[in-house]
Amino acid sequence: MEKEVKSGDFVVPGDFLATAEEFIPDEGVYEEDHNVYSTRTGIVLKDTDSKKISVHPKTGNPPILKKGDIIIGSVDQIRGQIASIAIAAIRGNEDRELSFSGDSIIHISNISDDYVENIEDELKPADIVRARITDVGKNSAKLSIVDDSLGVLVAYCSECRSVLEKKDSKLKCPNCGSVEKRKIANDYRQGIL
């Protein structure tokens with residue numbers, strides 16, 4: 001006879017939870033030979049009204065990218081009409097490592113409501129950007145920086161790599177004097193998320 005498990009008990013994968021006659025398996029559990037077992041480490045929840053049993057993770061799962069999420073990332077490279085972005089964080093989960101390892105891109109059509117002739121006038125490699133996820137696939141995410149609150153947060157001089165300072169609608173290098181253009185967020189160099 002297995003030890004009885006109560007709601008609130010801590011369990012690990014493979015722990016016996018109940019018989020299949022007592023409870024219906026729900027999240028984080030599986031049934032085998034008319035018994036219900038845990039599939040993950042977590043806390044047991046027995047719902048006596050619905051006769052369901054589940055195990056909820058003790059630690060949070062890594063955040064998963066969803067359409068509409070706001071991310072922070074850096075421009076990896078630019079090829080043709082696409083900028084490749086390395087996502088560093090999701091708003092609301094800044095302290096959590098991501099479970100996404102696919103490609104994230106901003107297409108030239110998702111930079112501005114206005115016509116953009118050359119993507120390299122708006123983004124450059126190493127720029128730090130805030131973007132919205134418009135679509136997520138198995139191994140890819142599409143991003144947009146069309147909104148005023150989205151775009152480049154920190155830009156680096158193409159000549160000397162110093163951080164560019166905002167002067168009107170342009171960016172100027174305090175070190176070498178180079179003047180550059182980017183699609184900047186309305187809070188350029190004021191905040192991150």
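Quick reminder: no glycine exception, Cβ is built from N, Cα and C everywhere.
Keep in mind that TrEMBL annotations are predicted by a computer and have not been checked by a curator.
Around the Cβ of C157 (Zn(2+) binding site), the number of neighbouring Cβ atoms within 10 Å comes to 21. The Zn(2+) binding site annotation in TrEMBL covers C157, C160, C173, C176.
Across the domain 'S1 motif' (68-148), the prediction's mean pLDDT works out to 91. Sequence annotations record features per position, and here TrEMBL assigns domain 'S1 motif' to 68-148.
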- Task: Tell me whether C157 (Zn(2+) binding site) sits in a helix, a strand or coil according to DSSP.
- Result: coil
- Message: Within its own chain, what residues at least 6 apart in sequence put their Cβ under 8 Å from the Cβ of C173 (Zn(2+) binding site), listed in sequence order?
- Response: C157, E159, C160, S162, L164, E165, V179, E180
- Note on the structure: Same-chain residues at least 6 positions away from C176 (Zn(2+) binding site) with a Cβ under 8 Å from its Cβ, in sequence order, are C157, E159, C160, S162
- Query: Counting every protein chain present, what is the number of Cβ atoms, excluding its own, within 10 Å of the Cβ of C160 (Zn(2+) binding site)?
  - Reply: 12
- Query: Relative to the mean position of the Cβ atoms of C157, C160, C173, C176, the recorded Zn(2+) site, which additional same-chain residues have Cβ within 8 Å?
  - Reply: S158, E159, R161, S162, L164, P174, N175, G177, S178
- Pull the DSSP breakdown for the domain 'S1 motif' (68-148) and write it out as helix, strand, coil residue counts. 6 helix, 38 strand, 37 coil
